[in-house]
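Here is the structure we will look at, set down as structure tokens.
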């Protein structure tokens, strides 16, 4: 079984990827999306969103990283895919699942679910552009506002030449509602396709992973929010390990606060650690106490001081 760290825009940034892969055995990470509009992006854009490219596409602990592209123009997607591969990306992932209103309003992400033909053309363009030894993957949801086109969407991905597909078990309209998860439909998609299907959605603990594998018939899982709730989730899912103790999480947070970020405006780590603590609070009561301690922080220096307080 592979466990893949999902792309989460504005959450699973390079620094979080670095920290999570240090304490796990993730098989692959997907980056936050690189937005492609109508031109070939400069190298610095790829390096900013995927600094691992400067390390041959690996995190410092050796986990391969795959660049995700978001866009609607097949030709431009293909041109930027070639650049990402040349810089060291371990394949290319196409975003057809982001539910953000801003992204969808520009006809990107989940908006493509309404246009299976465009998914096909985009996937085909990527496959033709990317050398055959590099995988092309596509991340989708089950549909836009219902699951009636789930098979058509999946067929478009496979017929476009994708190596594998990740299926999030909800529609765009479902958002992240727990009661809307549909692993059964993922199973039906898997039975229909000949390429590997990676299951995604509502995988928080070891038992969730076992249930998802059983109900979908998939061999691989992708996790996002759960990886923030339990920082060693990959170990938990693969070997039923105990969740990481809080004192180890404190060390991770302190390390994150001390990472130098050349793109930081001064408030970056403050906002991100507050955000992470909200996820951790779902599994650790101590997260609330730490949040209360840092909630008035406005600078990185103040944050470091308070996190180091006993």
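Quick reminder: no glycine exception, Cβ is built from N, Cα and C everywhere.
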FMN binding in Swiss-Prot involves 7, 8, 9, 139, 200, 201, 202, 224, 225; of 68, 72, 275, the partner in that site is 68
Most Cβ neighbours within 10 Å, among the binding-site residues 7, 201, 224, goes to 201
By a 10 Å Cβ neighbour count, the lowest-scoring of the recorded sites 176, 279 is 176
Close in space but at least six residues away in sequence, with Cβ under 8 Å from that of residue 35 (site 'Interacts with tRNA'), the same-chain residues are 70, 71, 108
Lowest 10 Å Cβ neighbour count of the recorded positions 9, 95 is held by 9
Quick note, residue 295 (site 'Interacts with tRNA') and residue 274 (site 'Interacts with tRNA'): C-alpha atoms separated, nearest Å, by 7
All chains considered, the count of other Cβ atoms within 10 Å of the Cβ of residue 139 (FMN binding site) is 25
Its Cβ having more other Cβ atoms within 10 Å than any other among the recorded sites 272, 274, 295, the winner is 272
